[in-house]
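Positions annotated as domain 'G-protein coupled receptors family 1 profile' by TrEMBL: 32-281. What TrEMBL records for 16-39, 51-73, 93-111, 123-148, 191-217, 229-251, 263-283 is transmembrane segment.
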Amino acid sequence: MEFVFLAYPSPPELQVLFFLGVSLVYILIIGGNVFIVVAIHTEARLHTAMYYFLGSLSGIELCYTAVVVPHILTNVLQSEKTITLLGCATQMIFFIGLGSADCFLLAAMAYDRYVAICSPLQYPLTVTLTLCVHLVVASVVIGLFLSIQLVAFIFSLPFCRARTIEHFFCDVPPVMRLVCTNSHIHERAVLVAATLAIAMPFFFIATSYAFIVAAVLKIHSAAGRHRAFSTCSSHLSVVLLQYGCCAFMYLRPNSSYYPKQDQFISLVYTLGTPLLNPLIYTLRNREMKGTLGRVLARNCLSQNN
């Protein structure tokens, strides 16, 4: 009862390059996201709702990549790149669940920006720490709940005898290709789950930004409009990157699955998005850049002493 992965390169030279490349990106992902979590925890001026959400997003992405990337690195070094049926189901539950939590959390961050810009006087009373904690916990719980329901349904279906997965890990589209049934019910189930986890949060984000844009355009000073838009630009960049890849992978019929193309896209949202998020939030955010400078300065002083 094992699945065999077929996407890994066969020549030893390519395996070494693949291993080194993924390892380097994973180290940068860990370093960037851990920096954000530590900076938000240690800097008093970052103890606000927006940065609490950002720290939670980095924490979720550390767990999200840890579900898949170490297993990919282990498989590269092994001759038989396999995973048990139970291991595949477990990996898929946490990968889809934490990925969905990512999407819900980005929607919560859009609500935070909406209240901050459209109702600034009510912001301290509306977006409290208690509300932030509840939204983060709800994002994770709902994401895992949807994932468990979807994975339980998928693994209750009959699989074909040839259990080879044209992918690097157990993702929904390549595993669904192994289902031996002509019924389209399973495709609809995946589409419903993807709609709940991807389309609905994105619709909420789009609606929030429609109100934000309308409010910003009413600001008379150009400096005020620029300041308001700059607080949203980092979040909007991450949203477009995350939802673009997820929508392409999951909001489409199984018949349009192309292994080589989708393997590349999966690496983008598995490695690229968690790598770019810290860079986007650090480089496009004045307070995070200031925090980075202070942290580096403290480290230099401590080493000199």
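Glycine residues also receive a Cβ, built from the backbone N, Cα and C atoms like all the rest.
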For the transmembrane segment (191-217), sequence-distant contacts whose Cβ falls under 8 Å of one of its Cβ atoms, 6 or more beyond its ends: 96, 99-100, 103-104, 106-107, 110-111, 113-114, 117-118, 143, 146, 149-150, 225, 228-229, 232, 236, 239, 243, 246-247, 250-251
For the transmembrane segment (123-148), sequence-distant contacts whose Cβ falls under 8 Å of one of its Cβ atoms, 6 or more beyond its ends: 49, 52-53, 56, 60, 92-94, 96-105, 108, 111-112, 115-116, 193, 196-197
Per-residue pLDDT averaged over the domain 'G-protein coupled receptors family 1 profile' (32-281), given as an integer: 86
